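Asker: Got a structure for you, written out below as structure tokens; questions coming shortly.
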Amino acid sequence: MTTIKLHNTRTRTKEDFVPIDPGNVRMYVCGPTVYDRAHLGNARPVVVFDVLYRLLRHVYGADHVTYVRNFTDVDDKINATALARKQAGAEGSLEQLVQERSDETIGWYLHDMGALGAMEPTEMPRATQYIAQMITMIENLISKGHAYAAEGHVLFAVDSWKEDYGRLSGRSVDDMIAGARVEVAPYKKNPMDFVLWKPSTDELPGWDSPWGRGRPGWHIECSAMSYELLGESFDIHGGGNDLMFPHHENEIAQSKCAHPHGEFARVWMHNEMLQVEGKKMSKSLGNFFTVHDLLEQGVPGEVIRFVFLQTHYRKPMDWTEKKAREAEVTLRKWRALTAGIEPAATAAPAVIDALADDLNTAGAITELHRLAADGDAARLLASAQVVGLLSNDMGSWADAGAVDKSYFAEEIKNWMLLRSEFKAQARIWMKSGEKEKGGLFFSWADQMRDKDLANFGFSVKDTNDGYEWELLPILSRVNVVRSSTGKVSESDSEKARENHWAQTLLRMAKHREGLQKHYDELIAEA
Ligand SMILES: Nc1ncnc2c1ncn2[C@@H]1O[C@H](COP(=O)(O)OP(=O)(O)OP(=O)(O)O)[C@@H](O)[C@H]1O
Ligand SMILES: [Zn+2]
């Protein structure tokens, strides 16, 4: 059996992975707070731990891995979104609006992550379904002297676990106090103490508890859900390295104190950040774009996945258009090479070895390139599918032979500018009573959009602040050239597409210039 090596944040070394129970390998990954669409950074841990999930299933058997990823559906940020909606006139109680927002966001999340080829975890618990278990755990911590109630809050007493607190992130409590921006509150015995339970207002979601109506803190959610679903000792705990402190440190403190005989998580894995110009992509910095945005722009989910896999998960990375274009070219080649072919019975050992070396996905991709260069399509297919690439359900984008939308953006803009000129002139004539001319110019303007551009292969819609456009299938689908053996001649089909797109662009520009000339002449006459 393949031995997987994983870098353990706790020990800061790469270790042989030895599951507690090979019949049920257990992994917990911190999931999203569901208040808004996931940005591309949020997708990184999803893809990273999806690859690990697939590898574990490959090595231990698909039925022998339990993967839990939660939804944090109780949080100030969700409440704030709901409040903003209510203030904007939305119907329903604040509590209903909170619920609606969570449900909606979870739907988006699963759709967007599915588009990146991420399998759904075995369990996706929502925090609000585990409130009773959180209360039990908090009571347990109080009874052992690790937590105390004060003014409707319950706090974890960091002093009660001082020697171990900070181990994961490598800080001592004193260092933390010195350098921390912790919330100082009169009810805290130590400024590092963190909230397990806090009071809720009447309008906001809240639950009855021994400390009054309230809601759980964020950290206790993961401790309670992982305990319920995976037990007091499990194999792997994952998340972004921005969660290492305080979130994971606090999870450890709670879980180890509540269940002192358990190990909690043996291996801690943290993915590095997706960055924008050297800074973490994040909602609070406002330097983000969503996965949905990218998909809407026509970037296939498989391309996004490929770009992620090219950087090791413990290295920071940037998203660039160039990486996306290169990924698209590679995937097109691989998809053409493997079209109509059955995957080999087993993946290439070199690919599995790379993955087993602390998820060396870039190394795995190098091996895939090698298989492609050797023309070993069946092996390529079987091996790529281990990392979630070249699966059947993700490939329609490549069949359609989609062109990079930006290729046409400038020309479409020119058309829409000319169209605005026609419309502006039409309005002038309508105002001055020359209804016939005005009507004619309006109909020309509409023809440009509904007939001419449609014939060239575009669907354009007016919006409040401009326009939106899409490629119609007639433009994006150019017949793939297949030889008698059913294999695609990659260079031929690519050339055919490129020619088609280049010619379309030329014809569009010519047509537009003709219209412009006609327009200028009519104006000069008038
Ligand atoms: N730029 C990033 N790169 C990689 N992972 C990230 C990035 N930003 C957030 N994550 C991860 O996304 C997951 C979901 O996090 P969470 O829902 O708390 O994010 P958020 O609060 O919406 O985002 P933000 O951090 O932008 O405010 C966590 O595992 C977190 O580590
Ligand atoms: Zn967590």
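Here the Cβ of each residue, glycine as well, is placed from N, Cα and C on the backbone.
TrEMBL entries are annotated by machine, without manual review.
What you are looking at is a predicted structure, and each value in this text was computed from that prediction instead of being measured.
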Asker: Among 32-42, 87-97, 296-306, indicate the range for which TrEMBL gives the feature motif ''HIGH' region'.
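Answerer: Feature motif ''HIGH' region' in TrEMBL: residues 32-42.
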Asker: According to TrEMBL, which of these ranges is motif ''KMSKS' region': 280-284, 395-399, 410-414?
Answerer: 280-284
Asker: List the helix, strand and coil residue totals of the motif ''KMSKS' region' (280-284) as derived from DSSP.
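Answerer: Summed by class, the stretch gives 0 helix, 1 strand, 4 coil.
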Asker: Could you state the CA-to-CA distance between His247 (Zn(2+) binding site) and Lys283 (ATP binding site) to the nearest Å?
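Answerer: Approximately 18 Å lies between the Cα of His247 (Zn(2+) binding site) and that of Lys283 (ATP binding site).
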Asker: Residues sitting near the motif ''KMSKS' region' (280-284): Cβ under 8 Å, six or more positions beyond its termini, same chain?
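Answerer: Same-chain residues near the motif ''KMSKS' region' (280-284) but 6 or more away: 36, 39-41, 242, 273-274.
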Asker: Run through the Cβ atoms and count how many others sit within 10 Å of the one on His247 (Zn(2+) binding site).
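Answerer: There are 17 such Cβ atoms around His247 (Zn(2+) binding site).
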Asker: Can you tell me how far the Cα of Lys283 (ATP binding site) sits from the Cα of Cys30 (Zn(2+) binding site), in Å?
Answerer: 17
